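Positions annotated as disulfide bond by Swiss-Prot, on the basis of sequence analysis: 31-80, 35-54, 41-61, 45-63. The annotation domain 'LCN-type CS-alpha/beta' is assigned in Swiss-Prot to 21-81 on the grounds of sequence analysis. Residues or ranges marked as signal peptide in Swiss-Prot (evidence: experimental evidence): 1-19.
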């Protein structure tokens, strides 16, 4: 019984640790990371534990499978001030 309980607890902890997300990672001002080439986005996204590319139509880095703690851009919470 104790072993089953421990297994459930560790499984829930592991699920929380391994959860990943996708999106536009933001800089310290809340703006999307500007790009033109895929290489720079690949390096940025690898630093966040995922992979990515430059979404050329929007000139912004898109990352897949990045950690949940990475702040990502959202229209609802947009704090970016255009320069």
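Cβ atoms here come from the backbone N, Cα and C positions, even for glycine.
Structural mapping of features recorded in Swiss-Prot.
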residue: 31; record: disulfide bond; DSSP (3 states): coil
residue: 41; record: disulfide bond; DSSP (3 states): helix
residue: 54; record: disulfide bond; DSSP (3 states): strand
residue: 61; record: disulfide bond; DSSP (3 states): strand
residue: 80; record: disulfide bond; DSSP (3 states): coil
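In this structure, the CA atom of residue 41 (disulfide bond) is 7 Å away from the CA atom of residue 35 (disulfide bond). Taking a C-beta cut-off of under 8 angstroms and a sequence separation of 6 or more, residue 61 (disulfide bond) has the following same-chain neighbours: 24, 25, 32, 33, 34, 35, 40, 41, 44, 45, 52, 53, 54, 55.
Other Cβ atoms within 10 Å of the Cβ of residue 45 (disulfide bond), summed over all protein chains shown, number 23.
Note: residue 31 (disulfide bond) has non-local neighbours 73, 80, 81, i.e. same-chain residues 6+ apart with C-beta under 8 A of its own C-beta.
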